[in-house]
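Residues or ranges marked as active site, pros-phosphohistidine intermediate by TrEMBL: HIS116. As annotated by TrEMBL, ATP binding site applies to LYS10, PHE58, ARG86, THR92, ARG103, ASN113. Per TrEMBL, the feature domain 'Nucleoside diphosphate kinase-like' maps to 2-134.
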Amino acid sequence: MYQKTLSIIKPDAVKKKAIGNIINIFETNGFTISDIKMLKLSMEEAREFYKEHAARPFFNGLCEFMCSGPIVAMCLEGEGAILKNREVMGATNPSEAEAGTIRKMYGDSIDNNAVHGSDSTESAERELNFFFSN
Ligand code: CMP
């Protein structure tokens, strides 16, 4: 199924100057990048974006981290894009991610894991609307 999904290059990967390499990985894996935006989230925006994790113990730290510097939000498109993006990213915890995945290459810990990707059709729609509603 042809799908759209949201990818975020997080502040840690931006600080590492990995934007270009990560975009290259998406393109060489066949994704079309159909929208892209660099921005800095406010705390209020980060809390809204990650609201499904509001009750988790890592929520405040996650939101502070996501506000700690600029991020790059992208719309990735392609056949089976949602699952394929999750495969290309690798496991949430970089120490469990397979070789060759973005999180293995650029993530340092579960908190600083380089990229975010939507995990379902519902979250992809909500998350793309969050960044690209206009
Ligand atoms: P992300 O895909 O952006 O979605 C939520 C983020 O919370 C996740 O990546 C991790 O960076 C972070 N996080 C920290 N601790 C955990 C945890 N125990 N389980 C899931 N995500 C966590």
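Even glycines carry a Cβ here, placed using N, Cα and C.
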If you pair up every Cα among LYS10, PHE58, ARG86, THR92, ARG103, ASN113, the residues annotated as binding ATP, what's the maximum separation in angstrom, rounded to an integer?
21
Near ligand 1, which of the recorded positions show up if the criterion is a Cβ under 6 Å from one of its atoms? Options: PHE58, ARG86, THR92, ARG103, ASN113, HIS116.
PHE58, THR92, ASN113, HIS116
Set of same-chain residues at least 6 away whose C-beta sits under 8 angstroms from ARG103 (ATP binding site):
MET89, GLY90, ALA91, THR92, ASN93, PRO94, ALA97, ASN113, ALA114, VAL115
What three-state secondary structure does DSSP assign to HIS116 (active site, pros-phosphohistidine intermediate)?
strand
Distance [Cα-Cα, Å, rounded] between ARG86 (ATP binding site) and the residue listed as 'active site, pros-phosphohistidine intermediate':
9
Between PHE58 (ATP binding site) and the residue listed as 'active site, pros-phosphohistidine intermediate', what C-alpha distance do you get in Å?
15
Within 10 Å of the Cβ of LYS10 (ATP binding site), how many other Cβ atoms can be counted across all chains shown?
23
What does DSSP call LYS10 (ATP binding site) in the simple three-state scheme?
coil
Counting only other Cβ atoms and using a 10 Å cut-off, which of the recorded positions ARG86, HIS116 scores lowest?
ARG86
